[in-house]
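Asks: Below is a structure I'd like to ask you about.
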Amino acid sequence: MSYTSYILAFQLCLILGSYGCYCQDTLTRETEHLKAYLKANTSDVANGGPLFLNILRNWKEESDNKIIQSQIVSFYFKLFDNLKDHEVIKKSMESIKEDIFVKFFNSNLTKMDDFQNLTRISVDDRLVQRKAVSELSNVLNFLSPKSNLKKRKRSQTLFRGRRASKY
């Protein structure tokens, strides 16, 4: 790699690094704006302990953590939807939703739309209840870890095959 390439790579790292700091600074500012608007820094907010943080700390495995994170993200989307008419904090909420979109949904709009559609389904609707029960066995099949067993068996077979060929 030539000297010029090193300089260009270094400049690119600086630009990308400063952009990340800028985004994080903006996100921090918007979060602080929401806290101030909702008076979330007062002492009574601490009563009863944290709402989500202890739960997040208890769930260590990535797949388990994703389940909890999805419930928490769902809560925040409902919260933002509840506060959508408050013009003073609208920009802050949009910035935070954008950050959630990037971090949780990997910037995939279809995933986010599907997620939001799921959170809007009314459990009180009798037709929805009937549809959900009708689909229950299929959903349970999706939830079962069968696909992991197939992958594990396939990799074990490949591993055994390689080991056998060595001897």
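Just so it is clear, glycine is given a Cβ too, placed from its N, Cα and C backbone atoms.
Worth saying up front: this structure is predicted, and the values here are computed from it rather than measured.
When I checked Swiss-Prot for this same protein, it listed these features:
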- 1-23: signal peptide (SIGNAL)
- Gln24: pyrrolidone carboxylic acid (MOD_RES)
- Asn41: N-linked glycosylation site (CARBOHYD)
- Asn108: N-linked glycosylation site (CARBOHYD)
- Asn117: N-linked glycosylation site (CARBOHYD)
Asks: Could you tell me the C-alpha distance between Asn108 (N-linked glycosylation site) and Asn117 (N-linked glycosylation site) in angstrom, no decimals?
Replies: 14
Asks: Look up Asn117 (N-linked glycosylation site) in the DSSP assignment and report helix, strand or coil.
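Replies: Helix, per DSSP.
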Asks: List every residue in the same chain as Asn41 (N-linked glycosylation site), at least 6 positions away in sequence, whose Cβ is under 8 Å from its Cβ.
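Replies: Long-range Cβ contacts: Lys35.
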Asks: For Asn108 (N-linked glycosylation site), which DSSP three-state class applies?
Replies: coil
Asks: For Gln24 (pyrrolidone carboxylic acid), list the number of other Cβ atoms lying within 10 Å of its Cβ atom.
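Replies: For Gln24 (pyrrolidone carboxylic acid), the 10 Å Cβ neighbour count is 11.
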Asks: List nothing but the one residue from Asn108, Asn117 whose Cβ has the fewest other Cβ atoms within 10 Å; the candidates are the glycosylation sites.
Replies: Asn117
Asks: How big is the gap, in Å, between the Cα of Gln24 (pyrrolidone carboxylic acid) and that of Asn117 (N-linked glycosylation site), rounded to a whole number?
Replies: 28
